[in-house]
Amino acid sequence: MAAEREPPPLGDVKPTDFEELEDGEDLFTSTVSTLESSPSSPEPASLPAEDISANSNGSKPVEVVLDDDREDLFAEATEEVSLDSPERELILSSEPSPAVTPVTPTTLIAPRIESKSISAPVIFDRSRDEIEEEANGDIFDIEIGVSDPEKVGDGMNAYMAYRVTTKTSLSMFSKSEFSVKRRFSDFLGLHSKLASKYLHVGYIVPPAPEKSIVGMTKVKVGKEDSSSTEFVEKRRAALERYLQRTVKHPTLLQDPDLRQFLESSELPRAVNTQALSGAGILRMVNKAADAVNKMTIKMNESDAWFEEKQQQFENLDQQLRKLHASVEALVCHRKELSANTAAFAKSAAMLGNSEDHTALSRALSQLAEVEEKIDQLHQEQAFADFYMFSELLSDYIRLIAAVKGVFDHRMKCWQKWEDAQITLLKKRETEAKMMVANKPDKIQQAKNEIREWEAKVQQGERDFEQISKTIRKEVGRFEKERVKDFKAVIIKYLESLVQTQQQLIKYWEAFLPEAKAIA
């Protein structure tokens, strides 16, 4: 019936129309009386609008008549929902109350202090995160470079030393720019110290580059050739990326061992870093034992977030390994293409020298020069494939292993807490047996043990909650850094591909007139 009736013009709305609406207020008397804490409003003209907004759910004609003023009506209605001194809210506050959506009367008259108790921690967390991001911006004001690889010593006692240069404006360092000499074992020793301090409490410690016995043996005993030079450059770049990722971590940057590594001219010799040593074999045994324990521990995961993230990192690890294998194959094919292009250029040059036709001989010689330039382009692109893309994938494969490592430590922490609960239950059963057997001398001992294990259970619960909280924060930071790193590398990689193709076009366009000049 309301849809069939013609809506009157907006200018024809009279106070009588509002009086007809106000006749139905007795249906919502309790709600309106509850919301209105004072009978007199500072603005009398707003009273009809407030009544209409309160009853708009039950009368369609009102919505049709006042369609153009709907925004004003709802704005005034939202100002009335506050129970914290309504007169003061109407006079001083121009912002809408948190309760914006019209709901049931019981929800509308809920005390406002409840909404404050929910929103206050969120605001506090947000401001704390903003402060931390600002602090991280200052913390990241540090540049680290690894350069000048130098062979020290002869024979199997030789090692490579690298210059670590640091530029920073942070007050924690004594100078704004300094450099030190470090060998590869020093980097491994630094990672070992940081991992022993922070890994078991949930921090993701960037892994150091892996040792290569074959590559380093060739550098020690062999002469300088292309393979040795490539190995040294690959290790130098990996060490530089390792330090850059480490100093980006706000907690690790504060560590005294890291500052000593960057500043001290002399470091104590790092021990237990050799691959073929007793400590190295012990590490391998411990890794195998951890793998077995991981299979035997059945953790009842109650947090869906951790279960989802673990599955996500497992899938990401598999896909990264597949992509890394494909990129390595691409690098090999690109190097093979470069070698074949060089052979083609040499053959074209020899053919041009033996050709009697002058124009054809000149064109073949020019073709050989172009192919030599293209050979150089293929080599540069192969290096870009490797150092830009392949090494990034390799780094993140090892970083994901570190992420899975902190998940394993969380599982160990849960297992320790679970074992403490089981032991406490056994102690209480023992106490009950002593009381039944009426052995007062052992009852007191059992009570002391119960108090001891209750403290261990509480500590285990606190440790588990803390490591879970830390891992959540660390995974969030890791995801942001991962997206940022992949974006930067993909853009650089695409730019290198575009530049290579553009250079190829220039080479062939320059050669085209020589080919057309053959008569």
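Each Cβ is built from the backbone N, Cα and C atoms, and glycine gets one as well.
Here is what Swiss-Prot records for this protein:
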type	residues	note
COMPBIAS	30-50	compositional bias 'Low complexity'
REGION	30-62	region 'Disordered'
MOD_RES	Ser97	phosphoserine
MOD_RES	Thr101	phosphothreonine
MOD_RES	Thr104	phosphothreonine
MOD_RES	Ser117	phosphoserine
MOD_RES	Ser119	phosphoserine
DOMAIN	140-269	domain 'PX'
MOD_RES	Ser185	phosphoserine
REGION	260-519	region 'Interaction with RhoG'
MOD_RES	Ser277	phosphoserine
REGION	278-295	region 'Membrane-binding amphipathic helix'
DOMAIN	299-519	domain 'BAR'
MOD_RES	Lys469	N6-acetyllysine
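Distance noted between the C-alpha atoms of Ser185 (phosphoserine) and Lys469 (N6-acetyllysine) is 33 Å. For the domain 'PX' (140-269), the model's pLDDT averages out at 88. With DSSP classes pooled into helix, strand and coil, the tally for the domain 'PX' (140-269) is 64 helix, 28 strand, 38 coil.
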